Amino acid sequence: MNKNIEQFPRKTTLTPQQKLEQLMEQHKTVHLTELFDKEQDRFAKYCVGCEDLVFDFSKQRINQPILDALVQLAESKQLNKWIDTLFSQNKINYTEQREAMHWALRLPADNQVYPELAKQVSDQLERMYQLVNKIHEGQYRGATGEVIQDVVNIGVGGSDLGPLMVSHALSDFKVKTAKPLNIRFVSTMDGSQLSDILHQLRPETTLFIVSSKSFSTIDTLSNAHTARKWLEKALGRESSILKSHFIGVSTKPDKMTEWGIHPDNQFLLWDWVGGRYSLWSCIGLPIALTIGVEGFKAFLAGAHGIDEHFRTTEFHQNIPVLMGLMGIWNTNYLNLKTHAVLPYDGRLKYFTSYLQQLEMESNGKSTQRNGQKVENTTCPIVWGEVGPNAQHAFYQLLHQGTQKVSCDFIAPMHRYNANHFTYVENADALIDQHLLALSNCLAQSRLLAFGNDALKVDQREQLPAYKQYEGNQPSTTMLLKELSPRTMGKLIALYEHKVFVQSVIWDINPFDQWGVEKGKEIANDLLPILNGESSDLSHLDDSTQGLIQFLLGKSNG
């Protein structure tokens, strides 16, 4: 054989990460305007529907090769296997040796795959439903025999953010009750919320829900203690006071009993439910009190529908997978450090706050499952506001600032056209306002994407620099047919599973939160100094010592 025959170079097989790095180098300066010019059918290619919602990611800075490479990345990380593990009874939360089975909270009661699990959950929910109906029918009475008309949910984190967010979002679906019923929320440990609320309430007609997974959270127990003192001062210290005016939700029945909550008023959840995933359980009692039993069942059914979509749908059409992969592309390859969530519906006022916990407490990690430091940036900073209000706050930065930001736009397609609407006599004018919000939602996503090219030709001519729009800010748009218990359940479940997808890519555990633990321990060490039980500051840094001296009035500053 002729040794001088030129050898063809061997074809190098790139890993998905290498392929994405290569694609990033090729496309990092490509503008969304150019992507839309090259692909006239982007909406058809990069939009996925799932019954009564639409997920449009055509304004993301991707093309088909990038999308394919992202899917290959997910496959290389064995995402399918991890999804199967999630929907099992395996201890996927390895640092706490617990399952993560929030999906089980929305299983149909007659589920045949996990019949015992479904029954366990159903038994607690049925007890909750009985309480809800009793309160709605005016049959739940306080210690003096008066009907309960005010319910105060005391919790923090997952025991507060989720129930508050959903109760507010679904206010149009508030059920009629025999007597007017108000649901209020208290979370801050400083007592300011509770102080504002208590003077508006009558002890005789007030019921407190104390929600704490561990029933040891100091924020919650301090508020509960104050509420208890308020009741006892007005009604006395008989055991009937606690029995009639306190409900407990926790994994710890013994601690609830020790605190004074009667076993009949204790509702249980399980260690395999993370706090930020717990609103589907009896932690969601305030939601059920707002939208009723049938509304809560529709809420669970919507989430279960997304569980099935996530579990069974091919990745190119799988909305939570696509949501997660768009975030991976933006964070790890386009180097975007923050992500804004912009709902164009005032009812979603608390949705961003809820997502901040869901995303940043889950994926704000820097240690891989093998104990090594992560190789890539993990969770971006999540922020945002109701879109129309945000337009008058920080959209200036989005449009003309120096920060690159990815955005989620969320809006219902229809509103003010159903029997649940409270102010029917004003429906025509309010429908016009809804259309105004939708037009602004579409306009802002368009301007963020295309910049000056979104303007009319005559508007672009001779624009001074301070009126220029660069564009190329990536976004997705989620349209819901309407904001209802069912679609609200779907929306939350989509983001839950998006978070899980990203945790698999980053190889981190999204179900623990060790970063929040030590701060609470240090606070417990400092409290005796502030209340005068200890005076030893020697173990503290100079800054903390100085601040304590100021607080105690001992500083010469």
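These residue numbers are counts, starting from 1, taken along the chain as shown.
Just so you know, glycine gets a Cβ as well, placed from its N, Cα and C.
According to Swiss-Prot, the active site, proton donor annotation covers GLU361, on the basis of sequence analysis. The feature active site is assigned by Swiss-Prot to HIS392, LYS520, with sequence analysis given as support.
Feature map: annotations from Swiss-Prot on the structure.
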| residue | record | contacts (Cβ under 8 Å, 6+ apart) |
| --- | --- | --- |
| GLU361 | active site, proton donor | ARG276, GLN513, VAL516 |
| HIS392 | active site | none |
| LYS520 | active site | ILE218 |
